[in-house]
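Undergrad: Okay, handing you the structure first.
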Amino acid sequence: MESGVRKEDKPPSSSFNLQQLPSSVKPGPLRKIIMVASIAAGVQFGWALQLSLLTPYVQLLGIPHTWAAFIWLCGPISGMLVQPVVGYHSDRCTSRFGRRRPFIAAGAAFVTIAVFLIGYAADIGHLSGDSLTKTAKPRAIAVFVVGFWILDVANNMLQGPCRAFLADLSGTNQKKTRTSNAFFSFFMAVGNVLGYAAGSYTHLYKLFPFSRTKACDVYCANLKSCFFISIALLLTLTILALSYVREKPWSPDGRPGEGGDEEEEEEAIGEAKESVPMPFFGEIFAALKNLQRPMWILLMVTCLNWVAWFPFLLFDTDWMGREVYGGDSSGNADQLKMYDRGVHAGALGLMLNSVVLGVTSLGVEPLARGVGGVKRLWGIVNFVLAICLAMTILITKLAQSNRRYTTVNAGTHLLPPPPGIKAGALALFAVMGIPQAITYSIPFALASIFSNTSGAGQGLSLGVLNLSIVIPQMVVSVASGPWDALFGGGNPPAFVVGAVAAAVSGILAFTMLPSPPPDIPSNKMAVTAAFH
């Protein structure tokens, strides 16, 4: 070959060769990147509603707090299987509509179906024979679980192809790559703020009077109304983006995109023809077998980091309703009312968290330069996370010792916590947006950097990193309920474990995690992603 490089000296082909484009492929215009990135707002709106409202909702359907976490197993399972499989097949999709657009459209359609099942679970259960006088509603729970699993699968169908579509539109232009990821993160923050704001507003159901029924009380009707808005937002953004931004059909002997050196394109096409892709799970097992030491350390630090995060992400609003406000989702009317107020206060806290998350995400690189590198920044914020999780214990004890009651008509009624305690809890939510922004960016950027020296594809390395996120989520989902029950119920015991895990993760980040090379290509630090 004229380049002087023998064919046998090149790295072996893999399935991820399909994602490589000639170096001179022209990126898409910025307006198209913004349109596709905006879909993240619709996805994250629904995800924010899940985090803020669904754990209390399943308890209202009759699932005990101890076992509510099992419902959340669908998230990590679908994230471990669906997202990489969909991404793998979207690379090879030869539809005339493009590679990514069919999967994005299908994901949006399944989200719509799932949201209707979740919102109408109580009504369907009642029509199927559930008694309104009994706490447990088995038929409603069954409908809810089916809808919830479909929702998580659909969200994973959306997220992977959306990020891949942005990469396709960015081509090999490093500035466009940074910009597309920045817009994706921005719209994630927008979706979070909208979702948590909707969850914190207690009278949203009045916009949809039909949502309140015999089987669906005010809280249920409000959740249903939130999901109606979520569907409208997601479908609107998806239809606009997919209608405006077109893809060229892909085939194994041709690449999407325009321009490029003719000789380079012919060589790339020849390699695509000659390569025999390894099956998807073969790629994953091969990647795990050949991982370099830096990647293993990164997986370990990431795993501990998410062991710390998941107890709070799963039970943050429940903590506000139960420990801070002193309510009980299965108690009397007074306790239930106070629990509901606490959940909505928690949703407000999550909205504040999202604002801080969005602002901090824009300043990750300046912060890293200020503290001496990304590994130091990650280590510092892990200690911040540990302190915040430990502070939940202090706030819980203060709320319990300052519990207030009032007497009305010879009856004793529970009052909300003092303003100072409520303000402290909301401030805690906001501060945790800082370590969350780092968690959503630095691990993925380091995985991208470390994969360069190992020869692994970017998509494959990020897929392997995803395993270190979903596996701890599965462990926490299964163990947190029984673990809390050992100490009398409630959420603080799981938060203590999270604080310890965050501290250990910070220590490992400082002492064992390798620093990335000083001269980093700019597009490598722009990788951001949302967990599921």
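Note: Cβ is positioned from N, Cα and C throughout, glycine not excepted.
Reproduced below are the annotations present in TrEMBL:
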type	residues	note
COMPBIAS	1-11	compositional bias 'Basic and acidic residues'
COMPBIAS	12-22	compositional bias 'Polar residues'
COMPBIAS	259-269	compositional bias 'Acidic residues'
REGION	1-22	region 'Disordered'
REGION	250-271	region 'Disordered'
TRANSMEM	33-53	transmembrane segment
TRANSMEM	65-82	transmembrane segment
TRANSMEM	103-121	transmembrane segment
TRANSMEM	141-158	transmembrane segment
TRANSMEM	179-199	transmembrane segment
TRANSMEM	227-245	transmembrane segment
TRANSMEM	295-315	transmembrane segment
TRANSMEM	343-364	transmembrane segment
TRANSMEM	376-395	transmembrane segment
TRANSMEM	425-450	transmembrane segment
TRANSMEM	462-483	transmembrane segment
TRANSMEM	495-515	transmembrane segment
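Describe the structural context of each listed feature in the structure shown, including burial, neighbouring residues and relevant distances.
TA: Within the same chain, residues 104, 108, 111, 115, 151, 155, 158-159, 162, 165-166, 169-170, 176, 179-180, 183-184, 186-192, 194-196, 198-200, 223, 226-227, 229-230, 233-238, 240-241, 244-245, 313, 316-317, 343, 346-347, 350, 354, 530, 532 sit at least 6 positions outside the transmembrane segment (33-53) and bring their C-beta atoms closer than 8 Å to a C-beta of that stretch.
Within its own chain, the transmembrane segment (141-158) has Cβ neighbours under 8 Å at 39, 43, 46-47, 50, 54, 57-58, 61-63, 71, 74-75, 78-79, 82-83, 86, 103-104, 106-111, 113-118, 120-121, 124-125, 532, counting only residues six or more beyond its boundaries.
Tertiary proximity for the transmembrane segment (179-199) is limited to same-chain residues at least six positions away from its ends with a CB under 8 Å from its CB atoms, namely 30, 33-34, 36-49, 52-53, 162-163, 166-167, 169-170, 226, 229-230, 233, 344, 347-348, 350-351, 353-355, 357-358, 361-362, 440-441, 526-528, 530.
If you look at the transmembrane segment (376-395), the same-chain residues 6 or more away from its ends with a CB under 8 A from one of its CBs are 301, 305, 308-309, 311-312, 319, 323-324, 364, 367-368, 421, 424-425, 428, 431-432, 434-435, 438-439, 442-443, 491-492, 495-496, 498-500, 502-503, 505-507, 509-510, 513.
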Undergrad: Against which stretches of its own chain does the transmembrane segment (227-245) lie, if we need a Cβ under 8 Å and a gap of at least six residues from its ends?
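TA: Tertiary neighbours of the transmembrane segment (227-245) are 28, 32, 35-36, 38-39, 41-43, 45-46, 49, 101, 104-105, 108, 111-112, 115-116, 118-119, 165, 169, 194-195, 198, 204, 208, 211.
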